[in-house]
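Following: one structure in C-alpha coordinates, then a few remarks.
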Amino acid sequence: MSEIASRVKAIIVDKLGVEESEVTTEASFTNDLGADSLDTVELIMEFEKEFGISIPDDQAEKIGTVGDAVSYIEANAK
(Lines of atoms letter the chains of each structure in order from A and count residues from 1; the text may use other names and numbers.)
(Lines give C-alpha, C1' and ligand atoms only; values in the text may rest on other atoms or scores of the structure.)
Protein backbone atom coordinates (compact mmCIF):
# COMPACT_ATOMS: atom_id res chain seq x y z
CA MET A 1 0.00 0.00 0.00
CA SER A 2 1.37 3.41 -0.95
CA GLU A 3 1.94 6.17 1.60
CA ILE A 4 -0.96 8.12 0.07
CA ALA A 5 -3.27 5.10 0.34
CA SER A 6 -2.27 4.63 3.98
CA ARG A 7 -2.96 8.28 4.79
CA VAL A 8 -6.31 8.20 2.96
CA LYS A 9 -7.27 5.07 4.88
CA ALA A 10 -6.31 6.67 8.21
CA ILE A 11 -8.46 9.74 7.46
CA ILE A 12 -11.45 7.55 6.57
CA VAL A 13 -11.09 5.43 9.72
CA ASP A 14 -10.85 8.60 11.84
CA LYS A 15 -13.70 10.53 10.22
CA LEU A 16 -16.19 7.70 9.70
CA GLY A 17 -15.34 5.65 12.78
CA VAL A 18 -15.10 2.43 10.78
CA GLU A 19 -12.72 -0.49 11.25
CA GLU A 20 -9.52 -0.32 9.23
CA SER A 21 -10.34 -3.74 7.74
CA GLU A 22 -13.52 -2.28 6.19
CA VAL A 23 -11.58 0.36 4.25
CA THR A 24 -10.73 -1.50 1.05
CA THR A 25 -9.92 -0.02 -2.35
CA GLU A 26 -13.36 -1.00 -3.65
CA ALA A 27 -15.29 0.26 -0.59
CA SER A 28 -17.91 2.88 -1.38
CA PHE A 29 -18.07 5.73 1.11
CA THR A 30 -21.87 5.64 1.17
CA ASN A 31 -22.81 2.03 0.40
CA ASP A 32 -20.07 0.19 2.30
CA LEU A 33 -18.79 2.63 4.92
CA GLY A 34 -22.06 4.29 5.91
CA ALA A 35 -21.13 7.87 4.99
CA ASP A 36 -23.87 10.38 4.24
CA SER A 37 -23.46 13.36 1.91
CA LEU A 38 -22.09 15.57 4.70
CA ASP A 39 -19.54 12.91 5.66
CA THR A 40 -18.42 12.72 2.05
CA VAL A 41 -17.94 16.50 1.85
CA GLU A 42 -15.96 16.40 5.10
CA LEU A 43 -13.76 13.60 3.76
CA ILE A 44 -13.00 15.62 0.62
CA MET A 45 -12.10 18.63 2.78
CA GLU A 46 -9.79 16.47 4.91
CA PHE A 47 -8.10 15.06 1.80
CA GLU A 48 -7.56 18.61 0.52
CA LYS A 49 -6.06 19.69 3.84
CA GLU A 50 -3.90 16.59 4.33
CA PHE A 51 -2.45 16.58 0.82
CA GLY A 52 -2.38 20.33 0.06
CA ILE A 53 -4.59 20.01 -3.00
CA SER A 54 -7.86 21.51 -4.18
CA ILE A 55 -10.54 19.13 -5.40
CA PRO A 56 -13.13 20.93 -7.57
CA ASP A 57 -16.77 20.04 -6.91
CA ASP A 58 -17.19 18.36 -10.30
CA GLN A 59 -14.24 16.08 -9.49
CA ALA A 60 -15.32 15.51 -5.88
CA GLU A 61 -18.64 14.14 -7.14
CA LYS A 62 -16.73 11.42 -9.01
CA ILE A 63 -14.86 10.27 -5.89
CA GLY A 64 -17.15 7.59 -4.49
CA THR A 65 -14.78 4.87 -3.35
CA VAL A 66 -11.54 4.63 -1.42
CA GLY A 67 -9.75 3.72 -4.66
CA ASP A 68 -11.20 6.77 -6.44
CA ALA A 69 -9.82 9.01 -3.69
CA VAL A 70 -6.37 7.41 -3.75
CA SER A 71 -6.16 7.60 -7.57
CA TYR A 72 -7.23 11.25 -7.66
CA ILE A 73 -4.81 12.26 -4.92
CA GLU A 74 -1.90 10.32 -6.45
CA ALA A 75 -2.52 12.08 -9.77
CA ASN A 76 -2.86 15.56 -8.25
CA ALA A 77 -0.73 15.70 -5.09
CA LYS A 78 2.14 18.15 -5.15
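Cβ atoms are placed via backbone N, Cα and C, with glycine included.
Record features, source Swiss-Prot:
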type	residues	note
DOMAIN	2-77	domain 'Carrier'
MOD_RES	SER37	O-(pantetheine 4'-phosphoryl)serine
Checklist outcome for this item: DSSP composition of the domain 'Carrier' (2-77), residue counts helix/strand/coil, works out to 47 helix, 2 strand, 27 coil
Item to check | Average pLDDT across the domain 'Carrier' (2-77), rounded to a whole number | outcome: 97
